[in-house]
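What Swiss-Prot says about this protein:
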| type | residues | note |
| --- | --- | --- |
| BINDING | T55, A56, G57, G58, N59, G60, K61, T62 | ATP binding site |
Amino acid sequence: MIEKIWSGESPLWRLLLPLSWLYGLVSGAIRLCYKLKLKRAWRAPVPVVVVGNLTAGGNGKTPVVVWLVEQLQQRGIRVGVVSRGYGGKAESYPLLLSADTTTAQAGDEPVLIYQRTDAPVAVSPVRSDAVKAILAQHPDVQIIVTDDGLQHYRLARDVEIVVIDGVRRFGNGWWLPAGPMRERAGRLKSVDAVIVNGGVPRSGEIPMHLLPGQAVNLRTGTRCDVAQLEHVVAMAGIGHPPRFFATLKMCGVQPEKCVPLADHQSLNHADVSALVSAGQTLVMTEKDAVKCRAFAEENWWYLPVDAQLSGDEPAKLLTQLTLLASGN
């Protein structure tokens with residue numbers, strides 16, 4: 001229902017307009033206060049890059065963060081990552097992730113990023129505290145990438161990158177809750193790069209698509225072509241589950257059942273195992289896999305995806321960030 005409201009297919013969005021006007025007024029006032037320096041943002045001693053979005057829901061932001069961290073690491077840059085840690089609840093903050101940190105403590109995306117990149121990752125509702133925790137333990141870190149937080153103006157930033165779903169884009173264009181917007185589309189004029197996941201990019205936007213890899217068995221780590229798996233049940237607890245189901249079909253998989261779950265939904269063995277019958281194979285997102293690995297069964301697999309950015313702009317962006325991190 002919420003997708004229909006935000007896309008404009010349902011007329012119910014009009015009933016929510018008063019709340020949207022209030023949301024827009026408050027969010028605009030907050031940004032203006034920082035712009036006029038009525039409120040002071042904390043500036044880290046190293047450059048900060050924000051990877052965020054203008055809309056609620058999944059846009060492919062986490063794969064972009066992973067891509068960015070890995071690309072900078074390949075260039076010899078030591079990167080740290082901070083996040084709010086949505087979906088997690090730590091005993092205390094800031095929380096610096098380790099191999100023993102669970103998604104219940106830190107949230108799905110931070111654990112996934114930590115496992116994929118081996119970069120220092122810290123979470124805190126106050127992102128400046130997370131930055132301080134990383135720099136205290138890893139003083140050699142040269143640049144911080146913040147996963148989400150475009151609207152978290154308490155943390156000063158040097159570069160802003162926005163990720164857009166190229167198919168859904170901005171829906172009906174209204175602020176939450178009548179529409180998907182956290183900020184209006186005009187905010188794009190002030191950011192450093194706009195990355196468009198799928199769809200048809202517009203002038204000045206960097207095209208991106210998600211490239212699926214081989215399916216990975218949660219229990220054994222065995223890899224295979226996902227099309228070789230039979231009697232597949234697809235499960236996705238991400239911001240926009242239909243994108244994952246479409247990816248499977250693009251890979252030649254016709255799921256016998258598709259199970260969309262809420263983003264950041266907690267998972268347990270009983271609930272997940274009940275999704276498949278004898279002889280069926282469960283295929284999930286990598287984000288779900290970080291929550292299920294501890295209790296996975298032999299017929300559970302996940303399909304990792306990597307961000308693939310096209311054109312000349314990604315190289316220019318990476319050069320800019322490398323020079324920034326190097327102090328040039």
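Cβ coordinates are placed from backbone N, Cα and C, and glycine is handled just like the others.
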Just to be sure I understand the packing, how many Cβ atoms besides its own are within 10 Å of the Cβ of G60 (ATP binding site)?
25
List the same-chain residues at least 6 positions away in sequence whose Cβ sits under 8 Å from the Cβ of G57 (ATP binding site), in sequence order, or say none.
W6, D165, R168, P180, G239, H240, D263
Here are some binding-site residues: T55, N59. Which one has the most Cβ atoms within 10 Å of its Cβ?
N59
Hey, what's the Cβ neighbour count for G58 (ATP binding site) at 10 Å?
23
In terms of DSSP three-state secondary structure, what is the assignment for G60 (ATP binding site)?
coil
What other residues of this chain sit with their CB within 8 A of the center of the CB atoms of T55, A56, G57, G58, N59, G60, K61, T62, the recorded ATP site?
N53, V163, D165, G239, H240
What count of other C-beta atoms do you get within 10 angstroms of the C-beta of T62 (ATP binding site), across all chains shown?
26
Proximal but sequence-remote residues of the same chain as K61 (ATP binding site) (Cβ under 8 Å, at least 6 apart):
V51, G52, N53, D147, D148, V163
Sequence gap of 6 or more, C-beta under 8 Å: which same-chain residues meet both conditions with respect to A56 (ATP binding site)?
L176, P180, R182, G239
